[in-house]
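Single-structure report; data block below.
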Amino acid sequence: MDFGNRRVHNRLGPAPGAASSSSSSGKVCHHWRAGRCNRFPCPFLHSELPEAAANSSRPNQRDGPGAGGHVWRNPNSGGGRGGGSGGPNRWGRGPGGADVAPRNRVQDRPCKYFLAGEHCSYGERCRYPHTYCMSNSITLLTPLQGHEQVVTGIALPNGSDKLYSGSRDGTVRLWDCQTGQCAGVLKVGGEVGCMISEGPWVFVGMPDAVKVWNMQTQAEMNLTGPTGQVYALAVGNELLFAATQDGRILAWRFSAATNCFEPAAALEGHQLAVVSLIVGGMRLYSGSMDKTIRVWDLATLQCIQTLSDHTSVVMSLLCWDQFLLSCSLDKTIKVWAATESGKLEVTYTHTEDNGALALAGMPDAQSKPVLVCSLNDNTARLYDLPSFSDRGKIFGKQEIRAIQTGPGGLFFTGDGTGELKVWQWVIDASQT
């Protein structure tokens, strides 16, 4: 697998089960497992031992790196969010959760020169790790460079062998899954505020519009109606929803007769810009700069509840199991659960040291549910659910604004410099 990048090759190492000529110890490199080995050659294995691989429960391993030379694969399923169950009394109860020290005691931050892409004069003698993550559960596969401003959306359309990314630089980039190289650049005529995919469709939020592509038919549409930037998009009950800068949520329904999207409704109630949307069951949840979350019935498109527990912008929302998770610049992640009356109430609040920007849920290499939450200190935190046990940190050159789950234990992040990174969940010996 050749990306023209020795560091990436070193991280991936030989094919699973194949030892390098210098790996005579028969031991697996723990730096490789953590995604931060920079020794070349390394005296330890850069692959799991055959016995461990045979007994592991990593999901869809055939879709991961090394399968047919792919950087990643994008089958019709884009991977799922972590499932599982857990009553309110299980939230925040694990090691590294609300009031317990993290399990893995490592340096607080990597080398600042390494993170900035500058030369570190200490090299291998540097007391700070030269790594973009501090976790035994993930490894960095490769960076994807090309955007000139912050990445605001990442999407994997069904049936496509391309990864799509959108940026405030006014472009959408297509990345080839075979090589990891940029396969095309689309200039969309305005800052990309968000991006999602649903089936073969790719939706891009822009100032005063939503741009739509069908990857199967090559159809392209421009949906007008929004006022100002479109910050978030969601699909539910056969409707496309767009969160706009003027506080409205616009809805369109696809018409097979006209082969286009027809305006269906405008949901009003927020006092300031709507910046986050998520659909769960027959509910649409919207987070706003007015510090509230509104709950909308998808059958009637009426607001049925307003949640006012956050004290700053509600930046991101996530539905997991029977719970709603929200994060805010007020430095909290809140978990909401329905009461007997059907109303949502906060059942757990997790406090961070910095404002929270984006949430994503996904399974780890052992199919356990994990939460990834990016913060405005240029990091993203990894937590077990529902315990909020600490699983490590990801470090960006600037704020990580986009997180997207992928198939086969992969996920993608995009930061303020315009750089994307491809990550792989790996077996963590401390979790077995």
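Every residue, even glycine, has its Cβ placed from backbone N, Cα and C.
Looking at 23-49, 212-238, 347-373, 401-427, the stretch flagged in TrEMBL as zinc finger turns out to be 23-49. Looking at 105-133, 134-162, 163-191, the range annotated in TrEMBL as zinc finger turns out to be 105-133. In this model, the repeat 'WD' (144-185) carries an average pLDDT of 94.
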